[in-house]
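A quick write-up on the structure given underneath.
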């Protein structure tokens, strides 16, 4: 059954994945929402009434009116404290009829130890330094005496997550029982470990194939990929690496905009001109069906319409049939427009 819609970032992150995930969840009424987040990324959604969610653990799709399951994949790295905070903040949505399932092989973050292990790279490569990489490395070491790294083991002595951690069989059965699934990717394609910006990158690939694997979703279940992009791509502040040869680094003053801050570290973001080359590479690897172009409010109608055209030309040049379907003009549900309504 092809019933999984996957949201994925086509640039360097911070393109509005949280916004479009919340928007689609409210519009389409998915019964299951799933992700494999790490603490190095935050996802924000503001609904039509102005209520705000900033998640580092839970999917933003929990706002779906038909919600039955919230699932955290094996590729997740999460803080138990943060998970509890997010559940408490949305307890009106996560009622008794909603099941929260944590994959037994999800990684549990030791906030103090794992963050401390990343102090050096936080400055040398512009990492957020939240401990994601250190936690993953500890899991990869596969120490049979370590009972503090995967959710299955931690649940044996930490009752806060014991009720949520399932077996692999229960995980698979939950996916099979789902009617419509919204899967939420994190970070951005160009931050992928195996793309060209290594070592100024994240600790995994940010592609559809990787996220489906991290969520335990079989490939035949994929219905469509919704790619997200912004008119002016950003990178985190500091020594966060280079950019594509057809783009230049800009200033927020040049754009006439208040400087944006990163969701997690609150650093001023670096901002760039749009890259056709970046979009070609993302289209080839990610093969989105639909695109959400965000931050159109930073440009005139002629400006963002030109970028819409560039995105679709880039797609066609890489054997991809993607169309720009959604446009973002601000941070809330009310600021998302269907392209057909404004062009």
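Cβ atoms are placed via backbone N, Cα and C, with glycine included.
Taken from Swiss-Prot as is:
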type	residues	note
BINDING	14, 40, 127, 128, 142, 202	dGMP binding site
BINDING	14, 42, 263	Mg(2+) binding site
BINDING	14, 15, 16, 17, 18, 42, 43, 44, 187, 294, 297, 330	ATP binding site
ACT_SITE	14	active site, proton acceptor
BINDING	263, 264, 269	L-aspartate binding site
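If you count neighbouring Cβ atoms within 10 Å for each of the binding-site residues 14, 263, the highest count belongs to 14.
Put simply, residue 14 (dGMP binding site) is 10 Å from residue 269 (L-aspartate binding site) when counted between their Cα atoms. Pairwise Cα distances among 14, 15, 16, 17, 18, 42, 43, 44, 187, 294, 297, 330, the recorded ATP-binding residues, top out at 22 Å. Packing around residue 16 (ATP binding site) is summarised by its Cβ count: 26 other Cβ atoms lie within 10 angstroms of its Cβ, all protein chains included. Annotated Mg(2+) site 14, 42, 263; additional same-chain residues within 8 Å of its Cβ mean position, judged by their own Cβ, are 13, 18, 41, 43, 44, 54, 262, 264. With all protein chains in the displayed structure included, the most crowded Cβ environment within 10 Å among the binding-site residues 43, 142, 269 is that of 43. Candidates 16, 18, 40, 42, 142, 187 (binding-site residues) were compared with residue 264 (L-aspartate binding site); those inside 10 Å Cα-Cα are 40, 42.
For the pair formed by residue 40 (dGMP binding site) and residue 187 (ATP binding site), distance between Cα atoms is given as 8 Å, rounded to the nearest Å. Cα of residue 16 (ATP binding site) to Cα of residue 42 (Mg(2+) binding site): a span of 10 Å. Of all the Cβ atoms in the protein chains shown, 19 others lie within 10 Å of the Cβ of residue 42 (Mg(2+) binding site).
If you take the C-beta of residue 297 (ATP binding site) and look for same-chain residues 6 or more apart in sequence within under 8 angstroms, you find 328, 329, 330, 335.
Here the C-alpha separation of residue 263 (Mg(2+) binding site) and residue 43 (ATP binding site) works out to 8 Å.
Looking at residue 142 (dGMP binding site) and residue 43 (ATP binding site), their Cα atoms lie 30 Å from each other.
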